[in-house]
Amino acid sequence: SGPRCPVCDEPWVSPRLLPCLHSLCSPCLRRLGTLAEPGRAASRSVLCPVCDAEVSLPPGGVGQLTPDYLALSGGRAAASCDLCVDGAAVRRCLTCGADLCHFCCQAHRRQKKTASHTVTELENSKDCSQAGKPLLCPSHPTEELRLFCQQCDQPVCQQCVVGRHRQHPCDFTGNVVHRHGDALRELLKSTQQHMGTLESALSQIDAMSSAVHSRAEAVATEICLFASGYVKAIEEHRDRLLKQLEDLKVQKVNLLHLQKAQLQQLLLDMRTGVGFTEHLLASGSDLEILITKGVVASRLAKLNSVAYNTHPSMDDGIQFSPQEKAGQCCGYEVFGAILNKAVDPARCTLHGEDLHNAHQNQLTGFTLLCNDTMGERMGRGGDAVRVTITHKDKRDCRVKPTVCDNGDGTYHVSYSPEEPGMYAVCVCVKGQHVQGSPFTVMVKGKFREHQGVFHCCTFCSSGGQKSARCACGGTMPGGYQGCGHGHKGHPGCPHWSCCGQVKKSSECSGGPPSDALQRSLLRTVAL
């Protein structure tokens with residue numbers, strides 16, 4: 001066994017060094033070179049079979065790659081004896097260049113031909129490399145590489161110096177190796193620092209990866225606990241809802257059974273009374289009828305006076321609302337509630353400041369309040385509300401209302417009529433009219449805006465101007481043509497200076513004022 005090529009696992013044959021610092025034997029390199037892109041010898045590149053790095057080949061191909069003599073000599077591996085092969089080399093003969101084991105070294109000294117050879121100790125792999133067999137020039141195989149061409153940056157032999165490298169500065173390898181070795185050591189030091197940084201970064205990445213796994217496991221545990229708790233809460237809420245539903249069903253069924261029993265008993269009593277009376281009238285004598293009529297009449301009158309409901313006392317108004325908030329269960333917010341209220345159109349009411357009056361092209365409206373069969377407010381929306389507004393004289397004139405569901409059992413209806421006149425408004429819930437529907441709305445012409453000011457009196461609003469007037473007709477002593485507090489004609493409350501109306505949001509009812517009054521009112525307004 002000995003140093004082998006990492007690709008073919010065969011002993012080294014002229015190993016050469018790739019730019020990625022991995023060595024391959026020449027046969028493997030030749031096979032690798034044939035895989036490079038053809039027709040582009042100057043820029044061909046290959047993938048290193050050891051590290052998969054893309055490396056560029058020299059213009060001359062794999063033959064111009066740097067020879068790896070260190071790999072050929074075994075690098076740091078212990079050298080074997082060149083004579084017996086089996087022993088490990090401990091010394092080297094500098095005269096013949098052979099590595100010798102302890103036994104062969106003694107034999108080397110006993111033989112006459114080699115007794116005078118100089119033998120040195122092999123201390124470490126570096127000494128082995130330095131004291132190894134001489135490296136021969138590839139251009140001049142018989143010459144040893146002892147010189148270094150500084151211009152070409154490569155080792156050369158004596159023949160190279162007198163030939164191709166004649167004019168180049170050359171020196172012995174022992175004289176220049178220190179300078180190049182120092183440069184390599186500086187690069188090595190920088191690379192080692194990067195290695196330390198990278199190793200630290202990798203350690204941090206590994207630590208963070210472990211932290212991510214640990215954190216993910218912890219969060220997964222939290223999610224499982226949350227989900228299991230949520231499932232438990234939902235299941236408990238489900239059982240609670242089913243219990244509520246069962247109680248509601250039993251309540252409704254019991255009330256219906258009670259109503260049924262009462263009506264059945266009443267029907268039985270009436271049948272008894274009717275049967276007895278018919279038999280009396282058909283078979284009784286005049287005297288018998290007269291004797292028993294009082295009791296029979298009293299019984300029939302009492303039966304006829306009994307109040308009873310012809311409609312079922314309970315309805316099937318049971319609904320489930322999944323979006324309804326149901327509070328918390330086991331610390332979790334849950335949704336879904338049973339709704340047993342049913343809207344009763346006959347108990348729904350309409351509310352508004354002035355339901356029966358509106359103005360042309362002015363937005364107005366009213367509010368619908370929905371109640372259940374018990375007259376209680378529904379407290380939720382979602383009911384089918386339909387509103388139609390039709391002109392009584394012009395059937396093709398309709399107003400399209402806007403119905404806004406407030407979600408609390410109230411609905412705001414807004415509309416803006418374009419034509420004046422009388423309108424019929426129908427408000428229906430679940431296809432039935434509510435209380436007060438249909439009703440009429442009188443739409444007046446365009447709303448007349450007030451031209452004056454809403455003031456307490458002319459004296460105050462005009463700043464004491466004597467010529468300022470008010471449409472209320474009030475005056476003050478001392479030549480004041482407008483009204484004042486406590487004086488003649490003052491309405492006793494704030495009012496409009498243009499028409500005397502005491503309601504601030506009212507329509508102006510005054511006619512066009514005279515020029516003098518118009519100027520006075522405008523002056524009052526300005527003041």
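Every residue gets a Cβ built from N, Cα and C, even glycine.
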Annotated stretch (coiled coil, per TrEMBL) among the listed ranges 7-34, 35-62, 231-258, 315-342: 231-258
For the domain 'B box-type' (76-122), the number of residues DSSP places in helix, strand and coil: 9 helix, 10 strand, 28 coil
For the repeat 'Filamin' (340-443), the number of residues DSSP places in helix, strand and coil: 3 helix, 52 strand, 49 coil
The domain 'B box-type' (132-168) - residue tally per DSSP class, helix then strand then coil: 5 helix, 8 strand, 24 coil
